[in-house]
Amino acid sequence: MTGPAPSALRPEHPVARPLAQLVALFGLDVRGDLDGVEVTGAALASSAVEPGDLYVGVPGRNAHGAAYAAAAAEAGAVAVLTDGDGADLAAAAGLPIVVTADPRAALGAVAAWIHRTEDNAATLFGVTGTNGKTSVVYLLYAILGQLGIVAGLTSTAERRIGEHAITSTLTTPEATELHALLARMREEGVRAAAIEVSAQALSRHRVDGIEFDVAGFTNLSHDHLDDYTAMPDYFAAKLELFQPDRARRGVVTVDSEWGHRLVEQSRIPVTTLSSVAGSEADWRVTVLEETLARTAFALEGPGGRLLETSVPLLGAYNASNAALAIVMLVESGYDLDAIGAALERDGGIDAYIPGRAERLSGDRGPVVFIDYGHTPDAFSSTLAALRRVTAGRIVMVFGADGDRDITKRAEMGAIAARGADAVVITDFHPRWEDPATIRAALLEGARNAVPERDLYEVPDPRTAFRTALSLAGEGDVVLYAGPGHEDYQEAAGERIPYSARDDARLALREAGWL
């Protein structure tokens, strides 16, 4: 690929396929004439339709997608795939209609057929877990690059084809977009791709039609209980990735009971990994040295196999993330010695992960990190890592998502108060919630945990970061947790431009530290 990355992640040279073949293959009902109708793509939103697309109308929270069939037809859609109710809504658009009981459940197989991704030659890695998914995906991508392999990725932060990046909107794309992306990667000669797989993606059929060569599991902790009523339900969604129709092999981090439970219930062969001393896991990772800039570690496997390297990231948890990436590569057929030689040549893993323990400061003043961590476990891991390598104070800035899991807020506040010397609570993405209500829950958790802790409530994130910076000096650390790579703040139905990274750099320059 030359020039800028495409705005649409689709193959440049799609092959038209007769829609009648799809109907016959899947035994679907038809309303209208399919004679001569050929499809080159599929779209789940009328705004994403391109000429030649099959428009897929599914029931939504507020409206049925089939109600927008006329707009899809105007954009160039050649047919509609929907359910019975949707067929009635789409009739006036004048397009042939293919009917199935559950169009979302059919979407992965349909998109795979349209884009011919069932015969994809690339090695596919799928990574799931509460924390660390994005990091492992980027570490896989980085190590593959150091091995000379043209790689791709899709993550919460961005989609990558080779060296070209496009901003993401979902952790895992809808099946229509994901299969189109894989087809484009095939055109670009991508030999391996790492895909971040959320629990919601598994529950909502976004990765249907894909068989991963290796699935990886990082951990499971409190999150998304607005989508899943209890932790066992959340776990069950993750477990779906470790089924024979999803993946050939798995690598599971067993540092928690959830990891052990996953090994017991997995229906594919799994290899285990642990950072716990004395563990009987197949692979064991041991931290050799931690600094604010890097973490050196040793990875020991079956038969005495050993690799020592480093990752340019803070914390033992990132050593575990890197180890998971390496073991996933080994399980897919890459040679451990070849991996070790490439990493030794380059002085360790050469990875940049946007918004994940990303250092923004220079050589003077406090050290400033921005991190996407937004769960109690992520807060705990990052603060513990900082405390081990920080001589001075830790000042933490954070908020919480509105209209998301409210049950974790008090615990987030408590962990921040226990782990930091000063805490600044601000607004993150309030969405339709009252921001003051969100801040109050975080403050209550912090006050109850450590009543004497220095707490500041500063609604505006720009002012909040500058407040944190005013509390820190040489030898101190400022951790801005939550915004990560994002360049907006979502409030009352609007996405307001705001990059915490850019603003932090500006504030550091204003203070004369950058």
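Each Cβ is built from the backbone N, Cα and C atoms, and glycine gets one as well.
According to Swiss-Prot:
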BINDING   Gly129, Thr130, Asn131, Gly132, Lys133, Thr134, Ser135  ATP binding site
MOD_RES   Lys238  N6-carboxylysine
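Distribution of Swiss-Prot features across the structure.
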residue : record           : DSSP (3 states)
Gly129  : ATP binding site : coil
Thr134  : ATP binding site : helix
Lys238  : N6-carboxylysine : helix
Distance from the residue listed as 'N6-carboxylysine' back to Lys133 (ATP binding site), taken between C-alpha atoms, in Å: 12
Winner by Cβ contact number (other Cβ atoms within 10 Å) across the binding-site residues Asn131, Ser135: Ser135
Which listed residue (Lys133, Lys238) has most other Cβ within 10 Å, given these are recorded positions: Lys133
Rounded Cα separation (Å) that holds between the residue listed as 'N6-carboxylysine' and Gly129 (ATP binding site): 7
Intrachain C-beta neighbours of Gly129 (ATP binding site), sequence separation six or more, cut-off 8 angstroms: Gly216, Phe217, Thr218, Asn219, Leu220, Lys238, Thr253
Binding-site residues compared (Thr130, Thr134) - the one with the fewest other Cβ atoms within 10 Å: Thr130
Packing count at Gly132 (ATP binding site) (other Cβ atoms within 10 Å of its Cβ): 26
Cβ-based neighbourhood (8 Å from the centroid) of the ATP site, residues Gly129, Thr130, Asn131, Gly132, Lys133, Thr134, Ser135 excluded: Val127, Val136, Thr218, Asn219, Asn321
